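Following: one structure in C-alpha cells, then a few remarks.
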Amino acid sequence: MAVTAEDILSRLKASIQQPVGGDPTAVNVGTVASVGDGVARISGLRDVMASELLEFKQTKSGETVMGIALNLEKDNVAAVILGDYLEIEEGDLVRSTGKIISVPVGQELLGRVVDPLGRPLDGKGPISASKTREVERIAPGVIERKSVSQPVQTGILAIDALIPIGRGQRELIIGDRQTGKTAIAIDTIINQRGQGMVCVYVAIGQKRSKVAQTITTLEQNGAMDYTIVVNASASESAALQYIAPYSGCAIAEEVMEVGVTVDGNLVKDALIIYDDLSKHAVAYRQVSLLLRRPPGREAYPGDVFYLHSRLLERAARLSEVNGGGSITALPIIETQANDVSAYIPTNVISITDGQIFLESDLFYAGQRPALNVGISVSRVGSSAQTKAMKTVAGKMKLELAQFRELAAFAMFASDLDAGTKAQIERGQRLSELLKQPQYQPIALEDQVIILWVAGNGFLDDVPVARINDFKRDFWQFIHSSYAEVGRAIASEKVLSEATIASLRKAVTEFKQTASYK
C-alpha cells in the first residue's frame, strides 16, 4: 500500500496534538558569567527573589551546589555559593528554585550536630525531619509578646544573684578572648537539665577542635539529650557562617511555637547561644565586600546593625494566646583590649536587654567567673527573679560595686576608718563566695541558702581563704541534717519565716560544730 502525502500529514497532526509526557513546566535558568571567592555573577535569570535558593549545575562533575541570591542588579544576579565553588565554571547552568533557604526543624534534631543547612555532621545517619522552616523570618510583634516573668537558672551564683536572666530575654556575654564567655554559656546549658528548656548552640567561625571539645563536654554532662548544635566552623565558607545564626534561630522558633518532647514533657522554651557574633559580622563583611557593596565604618556594610537586630529581635516571650513559648538568646561578643566602645560591641549592646561583662584582669586574678559587677546589667531579668533570690541578693550588687571602688582607693590610703575596713573585708568575702568552678552549676536552693548566710553576717568571722571550705561543708550539712530547708525553697520559691528560722538554727548549730580560723 502506497503512503500518500495526506497520510503523512494526518499522522504528523495526530502526533503534535498528542500530549508529550505530562504538562510542560517553565524553568527559570541562567548561566554563570563569572565566579570567584565564593561569589558568582549570573546572567539570564529572571524573576529571582532576594535570598532565593539557587541551584548550580557543575558541568564537569555533574554535581549540584546551592547558592543564595543576595544582589539583584539590573543585568545580572550576584549570589554567594554554599559549598565548594572551585568546580563551578563560567557558562555553568544556574536554576532558580522559587524557595527561600530553609532548614529542617523539630523533634528529630534533638541531640544532633548539623551544619547551617541542616545536614548532619555527627556521623549518626541522616535526619528524617518532616518539617522545614525558612531561616529568615520577621520577629513577633509587640501584641504577640508578653513581659519577661520566668527565670532562666544558669546555675552560676554570680549571674543568678546579680544579673538575673529571664525567659525571652536577650543577654549579651561580652569580654576579651580567653575570659570564660563560652564557659558561662555551656554551664547554662548543663544547668537546664530538668528545667523544661531546649538548648541550641550555634558555633560561628570556631575551630573544629574547640567545637568537638564543647560537644564532648555536653555529652559527658548528659546535656545533648535536650541540645541541638549548629556548626559553621572557621573552615566553612563565609556564606555558611553568615546564615548559621538564622538557621539556629529557625530551629529554636519551632520549639517556641510548636514545642518538642523532652523526657515525656512538651517543652516550648528555648535557649539559644550565638558563639560568637563578632565572627558573624566579619563573615558578613567578607560577603558584602565580595558583592561590591559600599563599605562603611571599619569596612562593615551599612546594614550591619540590621544584620544583628533582625536576628536578636526574634528572641521573645509569646503571650498565652500565641502559645506562651519563649526564646532566650545569649549572644557572645569578643572585644579587643576590653574596648566595649567598638562598632560591633556597641551595636549589640544597644540591641540586647543587658550585658554580662567579663574582664581579663579579674580572670587572671583568679576571680572566675570574671564578672565586672559595675558595668554588667540585666534590664528585665530582675522581674523574673524568684522572691527568695530577691530577698537575699537585693543589696549585694551595690555592695560589690562599692567594694571595687573602695579597694582601688584603699591601695593608696594608709589609714582607713573601721567602717571602710569592715566594708572592704565584707566585699572580699562576697567576691570569694561568688567564685565557682567550671561545669559545676549550683541549684537555686543552695544559692539562696549561702547568700542568706553571707547577708546575715555569719561569714564575717570566717577568713577569706576558708570561705569556699565553709560553703562546701555547710551545703553538705544542710543536705544531710536540714534537707527540708532546701526542699521548701525549691518548691515555694520564697523565704518564709519558718524557713528563715530553720536556716538560722542550722547555721548556728553548724558553726558550733565546725571551726574555720
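Cβ coordinates are placed from backbone N, Cα and C, and glycine is handled just like the others.
As recorded in Swiss-Prot, the features of this protein are as follows:
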| type | residues | note |
| --- | --- | --- |
| BINDING | Gly175, Asp176, Arg177, Gln178, Thr179, Gly180, Lys181, Thr182 | ATP binding site |
| SITE | Ser376 | site 'Required for activity' |
Would you mind listing, in sequence order, the residues at least six apart from Gln178 (ATP binding site) in the same chain with a Cβ closer than 8 Å to its Cβ?
Ser360, Phe363
Among Gly175, Gly180, the one of these binding-site residues whose Cβ has the fewest neighbouring Cβ atoms within 10 Å:
Gly180
Among all protein chains shown, how many Cβ atoms are found within 10 Å of the Cβ of Arg177 (ATP binding site), not counting that one?
11
Taking DSSP as the reference, which of helix, strand or coil describes Ser376 (site 'Required for activity')?
coil
Using Cα coordinates, what distance in whole Å links Thr179 (ATP binding site) and Ser376 (site 'Required for activity')?
15
Provide the three-state secondary structure of Lys181 (ATP binding site) computed with DSSP.
helix
Would you mind listing, in sequence order, the residues at least six apart from Lys181 (ATP binding site) in the same chain with a Cβ closer than 8 Å to its Cβ?
Ile173, Ile174, Gly175, Asp275, Asp276, Ile332, Glu334, Leu358
Given Arg177 (ATP binding site) and Ser376 (site 'Required for activity'), what distance in Å do their CA atoms have, once rounded to a whole number?
17
